[in-house]
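Database features, via Swiss-Prot:
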ACT_SITE  65  active site, proton donor/acceptor
BINDING   12, 16, 38, 39, 40, 41, 59, 60, 92  substrate binding site
DOMAIN    1-147  domain 'MGS-like'
């Protein structure tokens, strides 16, 4: 991947303002990229940052996390910024875990807190050439008899 990135953005309710502050701080770095965000997060981003290309998905609990996960599995999402609230229970916790698992499985850069997001956005790989190593799962697939 090089140049324009497809970026997933999610923030739990108690972290939405943190994400908005982070985006404001990094606005110029984000303008060249396409953002795909879960429902409420995407709506807030659109209201505040008209310069960004934002595609809102469904709300996380209504399938938005799974939509982003599908994009990862299909190779259509290059990185994920997901500001997680570790202090609150989430009724759709299984969806969140599935999204995080896919980010790990397909080896896309993912930030779950602001510090890691800062490291990713300032990395030379953000706009430069980067080809993530993808593990070959062929033996696993063949073991199950699937195609």
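In case you wondered, yes, glycine gets a Cβ from its N, Cα and C as well.
Feature annotations (Swiss-Prot) mapped to structure.
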residue	record	Cβ contacts under 8 Å, 6 or more apart
12	substrate binding site	83, 84, 85, 88, 90
38	substrate binding site	9, 10, 56, 57, 58, 59, 60, 64, 65, 67, 68
40	substrate binding site	13, 16, 59
92	substrate binding site	60, 61, 65
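Secondary structure of the domain 'MGS-like' (1-147) per DSSP, as helix, strand and coil residue counts: 70 helix, 21 strand, 56 coil. In this structure, of the recorded positions 59, 65, the smallest number of CB atoms within 10 A of the CB marks 59. The maximum pairwise C-alpha distance among 12, 16, 38, 39, 40, 41, 59, 60, 92, the residues recorded as binding substrate, is 17 Å.
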